[in-house]
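Among the features that TrEMBL reports, region 'Disordered' is placed at 1-43. The compositional bias 'Pro residues' annotation in TrEMBL covers 1-11. According to TrEMBL, the feature compositional bias 'Low complexity' maps to 12-33. The domain '1,3-beta-glucan synthase component FKS1-like' annotation in TrEMBL covers 181-297. Residues or ranges marked as transmembrane segment by TrEMBL: 333-352, 364-385, 510-528, 1362-1387, 1509-1528, 1534-1556, 1611-1634, 1640-1662, 1674-1696, 1702-1722, 1743-1763, 1843-1862 (among others).
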Amino acid sequence: MSFRQRPPPVGDPSNPIPISDNNPHSQSQQPQNAYQDHSNPAIIPSEEPYNIIPVHNLLADHPSLRYPEVRAAAAALRSVGDLRKPPFAPWLESFDLLDWLAIFFGFQADNVRNQREHLVLHLANAQMRLQPPPDNIDSLDASVLRCFRKKLLKNYSSWCSYLGQKSNVWISDRRNSADLRRELLYVSLYLLIWGESANLRFMPECICYIFHNMAMELNKILEDYIDENTGRPFLPSISGENAFLNQIVKPIYDTVKAEVDSSRNGTAPHSAWRNYDDINEYFWTRRCFQKLKWPIDVGSNFFVAPGRRKHVGKTGFVEQRSFWNLLRSFDRLWVMLILFLQAAIIVAWEGDDFPWQSLKKRKIQVQVLTVFFTWSGLRFLQSLLDMGTQYSLVSSETLWLAVRMVLKTIVAAGWIVVFGVFYGRIWSQKNADNKWSSKAVEDRMFNFLEVALVFIIPELLAIALFILPWVRNFLEETNWRIFYLLSWWFQSRSFVGRGLREGLIDNIKYTLFWIVVLGTKFCFSYFLQIKPMIKPSKAFLDLENVFYEWPEFFHNSNRFAVGLLWLPVAMIYLMDIQIWYYIYSSIVGAAVGLFSHLGEIRNMEQLRLRFQFFASAIQFNLMPEEQLLNTKGTFTNKFKDAIHRLKLRYGLGRPFKKLESNQVEATKFALIWNEVITTFREEDIISDTEVELLGLPPNSWNVRVVRWPCLLLCNELLLALSQAKDLVDASDKWLWYKICKSEYRRCAVIEAYDCVKHLLLRILKQNTEEHSIIMVLFQEIDQSIQIEKFTKTFKTTALPQIHTKLIDLLVLLKKPKKDLNKVVNIMQALYEIVIRDFFKEKRNMERLRDDGLAPSVTMSGSALLFENAVEMPDAENEIFYRQVRRLHTILTSRDSMNNIPKNLEARRRIAFFSNSLFMNMPHAPQVEKMMAFSVLTPYYNEEVLYSKEQLWTPNEDGISTLYYLKTIYADEWEYFLERMQREGMVDEDEIWTTKLSDLRLWASYRGQTLARTVRGMMYYYKALKMLAFLDSASEMDIREGSQELVSMSQNSITDGFSTERSLSAKSLSRAGGLVGLLFKGHEYGTVLMKYTYVVACQIYGTQKAKKDPRAEEILYLMKNNEALRIAYVDEVSAGRAGKEYYSVLVKYDQQLQMEVEIFRVRLPGPLKLGEGKPENQNHALIFTRGDAVQTIDMNQDNYFEEALKMRNLLEEYRSYYGIRKPTLLGVREHVFTGSVSSLAWFMSAQEMNFVTLGQRVLANPLKVRMHYGHPDVFDRFWFLTRGGISKASRVINISEDIFAGFNCTLRGGNVTHHEYIQVGKGRDVGLNQVSMFEAKVSSGNGEQVLSRDVYRLGHRLDFFRMLSFFFTTVGFYFTTMMVVLSVYAFLYSRLYLALSGLEASAVEDANNNDALKTILNQQFVIQLGLFTALPMIVENSLEHGFLVAIWDFITMQLQLSSVFYTFSMGTRTHFFGRTILHGGAKYRATGRGFVVQHKSFAEIYRLFARSHFVKAIELGLILTVYAAYSPIAKDTFVYIAMTVFSWFLVVSWIMAPFVFNPSGFDWLKTVDDFDDFMDWIWYHGGVFAKADQCWETWWYEEQDHLRTTGIWGKLFEIILDLRFFFFQYGIVYQLGIFGGSTSIVVYLVSWIYVVLAVAIYVMIAYARNKYAAKEHIYFRLVQFLVIVLAILITIALWQFTSFKFVDLFTSLLAFLPTGWGMLLIAQVFRPFLQNTMVWGTIVSTARLYDILLGIIVMMPVAILSWLPGFQAMQTRILFNEAFNLSSVTPFWPVKMSGVRKSGGCLTFTARSLILEELHLSYGLHWCRVLLLLDSLVETGVDMAQNLYAWFTCLMGWLMVAVSAICDGWCAEKCYWGPSPLPMQNASPGCSLVLLIKLDKISVMVETAEAFNDRDLELSGWLCQLLHLGRCYFGTVFCIIEFLLMQHSVGLL
């Protein structure tokens, strides 16, 4: 126990947290201000429910109250002293400073209670950490409070300095008790304001404004001011019940709500309404004091509702939706790229080999000077964009902003003129002199350069300040007016974004990184992109006599063609810097990882080599050492740490040896290690046997060495025996030297000897002659070893015989029933071997008796030796028999056990944990001295626990969730059943009855559920309790406790857990563990003060009211996790006043056995004004505690062994990283969903690359790591005073997490990344889920482009950090979009050349052939994208090995990962681009369930039609047209080489949703899907029809973004849609009907066909509506006339014109895109067309187009579904790790009920029926052959398997063909589907099809049944043809599958 703790009060130590006896619901019934009614007994302080510690009752029996720091903090709060008492309510003696503030300012009572506990806990924890400890530990140390006040109010102080306001925190220089109280009042006031501000917490400077004024009123009260108006002592301007909420918070909240309401749910333009940032930035200007005043003037224009006069508009920044934001935010990047491109083209155009050769020429030098024209033009464009986007900021209060905008535009335009004048003077002088070498020309060049020097002075100044970063920080952070005036021209004044420069060392690191990247990029661009384009460009410009196949509107239009050729090159030039970033970041990330010692322990073999150093590593890293803490930070201490780590890492000095002399440390290590292994067993990732093999048993049986796990000692004793046998003549020293070369071998020998000695003496009765004989024998052996004469005394050759007999003895002892006679016989045999063969010197019987090694004469008699001396220990003596099993394992193990544990997750976790112990991490303090922290998890309505129905209900494919989990986690299911059997389960069916709760937990822990997250986060609680025990336990506690745990742990394994507690509760609650049995009581109090877990279950109150099962499950979690708290928003009806909203915190009272409400803080209104998740986090943040808060999402998990390192991680806050301490600690993540399917593997690989190598490089050296989600750890007080842990403005902050990182960086924080600790993370596992997630993130990045945070970071960061920031955030999505656009540009340019005739003219010109090839080769630059996979390969190589990484990469490619990544690229491009143009970003609930269900075609089409299918068909159409009309495409190889990437993109975008869709190529499902799709298309739903029911509703929803976009978005959309008209323009001139005419009349005439087609459609539609119902004959007549007319027109054209029949099909390629383009444009003009007659035709046409698109997409799917083999291959590709061995069951399974199991195989009954049918049809011979081969297959003979597969395959085809042709079975209606039907239901018209499943060499017998009436009727010959074709293709695919299997390709 700590020396600071008082003895515990008298009470029940087993229940150290008593709960008050009051009614738990009384708190919710009390008045909102408890200070107004003291007669209410419900508010007696001593009976209040409490959260963590009962601060209101310091005499309570609570372990936390034993700490004097807690009592000191509470006493400090009660030091009201002589303060003037508030006149509003009676003053009670129990009131403290917070009550005093609450009565004066009108704070809520529960807010006060919440912040009282908050403040007491923090001050107590801070004083615990104080070094050195204070002299008086019973009083609050002034330095603790001072540091806290400075940190809490630092942002307020900065705000006051920024606005030139004097701080209202009046603290005198002299320190006295009054100042201590005043400081307490200031921090209490701030926390009370913050705790009740609700949504205002997102506006930190608004809170500063409120605090500023309230602090001033507090000062007036403290200084006894007299009110001038009343002449009485000053009173606050607000007071009374809930005064602060109603008079301060509510008006500002209502203003925010009004703005949000005006946003039309976020669909209004961002510039039209104020978000959280706008309102907060209003308080960055002095007008907040002038307009709002104090008390707040609700008549101020600040509160004017939107749309009314004098309404305050946007503040600080206007978010305008435009692509130009990328140029505005990152203008320096684009200036650099554009200027280099221009200069490179100028230099390369000269034609020299190297650029420096061209630059020597004066002409080139002068031409290069034109870059200054471009530069000044870009500045002018930037100024215009600033004016165009930010004009709405200008008001009467911000006129200087307008002045600056206008002046910058004028100056930028002036620079263009100046450069033009000076540049013109150079050329005029050159023309006058007629040469470049004259002096006058040089003078004018120097004049131009002098002007240019003035132009670039700002850049030169920026470079100087970049070199001296501390000067830049000083200038920006100093609030001197002179500096504002100097910087006024360059940037707007901003409270954030100042002082962002890093230290010099960091500056140098990321500068060098980007210099290398940019140098490589520019060299590559010049020599391989720009220079090769010069010659072909010149050739095209010089091309003459070009025959254009369409009208030539512009003379010499070759320039336009050259521009099109350069367009894709320019696009690639703008994006390929991303590729070079990938390459170099991979190299740097690998280097940083290597220096961080990542991946040094990758497998169990490497673990074996390092395990001997584990104890020292754990002692060094996880156990606190006071001497290290006392000298923390000194250079000597750091040097010693480095040396010690080197010794641990590389085994220098053999530090493990001290464990043998210091057994306490070894026992501590054993306790930690065994607790980790026990946790593994509780999680069912290891078996009971593996627990014994991995466990580290405490010292027993007097073993003299460390008892390593059996895993490490395997085979060592046998090797030692072999050495002893070989080295017969060697000396003891030499033999022992050989043995000791392996530490494990040495320990195995000593342990085996000591254990054998103890065992033999233990099983012999005391005081018997046999016992004395054995004792004398061992004494003689010990003496010979001691004098090093063992080999001279004994024969080592006899050791194998002794070894064999000992094994026999142990085998007998392990049996449940011991046979004493056999034991006696073995003992006698051992004795005989020792006496006769072991001694080198033969001893006769007399000498043996003299030496005590033989029985005396009197004892010999007729009795045998050992006959009456053996006494077996009791069967209950588990310690003894466990040691027997361990000894048997050591003596018998012959393999290396590298496959232990078998579970891959267990191996991974052990490897990572062990590796992390040798990485650099801060030393761990004692738990009492560690930083306190909380974990916060937002929860809405996700799964808590899987229900019984969810687990066992199968889907349409017959696969249930439980079956899916059992298949994926087969070994864990086996271990779970083993554990259940140990806990009393007899029959496996009991898991659905008595063990149902355990089953639900087991399944839930393998999904992405709240239960899994809670279990993981409660590991912190468990780990800290164990560490607290080890910190304070005495040597006796540890040694005795370790002995107790041996028996307890074994009893738990053999006998199960105690029945007093439910098994489900035991499995759920991980708070105790075995070590928890040793706790003394104070650990609970310590850990409760250090750790809190809050789950923000926003609608928990609603769920309880609705009796939602999730509410019961959440209560179940609270019941079994005492540190868990639930925060929710409660809606209470207030009658006519509407509803009242409360933030409520509840916990489960273990004594009352019910849920208890702790705090209820009223909110000003509905919680959700912005995005839901950050609002949910924000309301629960007030209930968190500690210095840090870790944000954990619902898809995360944690591990016990990682929780042990949490206090090390929190110590990072004390260290400097660069020039700043961290404010946000990044934590490594492990994606645990990678084993679910191949798609999940691809997603996890992509995610793992980002969360490891990617973030590692971002943090070091680039210094731009942000907050990308979870599980980062926030400096809690730093963030709560600066806007919270996320942003919540509607739509713009839809990616809420990353804005916390933006905010942190802009406000001077520091984000680091640490990889010695990890947290689990789940990801989406289905393509639909993944795509929705990608859409959400891409849309979020599109909104980020518009945000003020990105703009400010782009301008305030230095140039190189700006590059890092761009290419790792929005730049990644921009470059992805540029890749896709470059494909479009390349294909459209190729199409233009082919249709215009330029390409044909170039091919005819032999001189231009080389140039043309050069241009064609440019598209291969796109293939550099392969390097984007480099980071993944490098990271895998680092952590798993190079060969493993390469093999994984190849396997992923074979499993079509490139298809998935290409498809994801299309998703990102579509949603990123559409969001920037039109908006429409929204939260998309992806769902986190398992994807085992087939998605219908209609659902896939709805999700991907616009983002992928339409674009893929467009690209495919371009490629088809190009192939038809390009002369180059006639060469097949050239066409393939030129378009292979484009075709791959087309195929990926169309086929990926089906490749990664379960049963995507199932023929029956394909047919059903098409029917469902057509039903959906034609269903005319009503007003309430949803998109998944009605095509028209979906079609309108797809246009939502056009309804919210602005005029520029609509205009740009129309411009993009015009590309579809190009097809018609180009193709009509290729039609034969026009006879090669190039007149414009041809194009105009072609529109006649469009009009005619529309007219015919309208005519038929009119006839259908008028006649189809009642006068059907007229409708048929109209159709007939139209058909006849069409035929007549076709014949006439054929006869009288040059019309060709192929023109009918060619015209479709022309007019179908035209119609689609017209539809898209019509959608833009929907507001004008919707109420006209035209709109109905547009809708009908759109429906027909979607039918056509659906058919085009469905065709390849249908073909592949019809062909056999694809479904099996797709299943293997999709479920490579899950169902390749399980979903397709073994051949002829017997344990199946019914004919078919879900895998597609037959039962034993069906097998018999089939063999009988074969016997009757084909004779006994073939049947016997099949039976013989069948038996061979079942024996596992590989050759027979292959032979059987081939033979049965051929036989199946032969049978089907013969039966189809000869018997005429195919004359009936037949259906050949892959899903077999029961044999007994087969009709006589069914035939047998044997389809080979090669993954198990199994045979599936399928039957073909008749089509339903809706299916097609096939004639006999057609059915035969289909049948034979199917058999033929089945042969091909079986051969392919067989070959793939033989070569072990990863598809199987």
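Counting begins at 1 with the first residue displayed.
Keep in mind that glycine also has a Cβ here, set from the backbone N, Cα and C atoms.
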Beyond the flanks of the transmembrane segment (1702-1722) by 6 or more, those residues with Cβ under 8 Å of it: 1514, 1517, 1520-1521, 1613-1614, 1617-1621, 1623-1624, 1626-1628, 1630-1633, 1646, 1649-1650, 1653, 1690, 1729, 1734, 1738, 1741-1742, 1745, 1748
Same-chain residue ranges lying at least 6 outside the transmembrane segment (1611-1634) that approach it to Cβ under 8 Å: 549-550, 1388, 1391-1392, 1395-1396, 1477-1478, 1514, 1517, 1521, 1525, 1602, 1605, 1642-1643, 1646, 1693, 1697-1700, 1702-1703, 1706-1707, 1709-1711, 1713-1714, 1716-1717, 1720-1721, 1724
Interface-richest range of 333-352, 364-385, 1534-1556, 1674-1696, 1743-1763 toward the transmembrane segment (510-528), CB pairs under 8 Å: 333-352
Maximum Cβ pairs under 8 Å to the transmembrane segment (364-385) - stretch from the list 333-352, 1362-1387, 1534-1556, 1640-1662, 1743-1763: 333-352
Structural state census, the domain '1,3-beta-glucan synthase component FKS1-like' (181-297) (DSSP three-state): 78 helix, 2 strand, 37 coil
Residue numbers, six or more beyond the limits of the transmembrane segment (1674-1696), whose CB comes under 8 Å of its CB atoms: 1633, 1656, 1659-1660, 1663-1664, 1666-1668, 1704
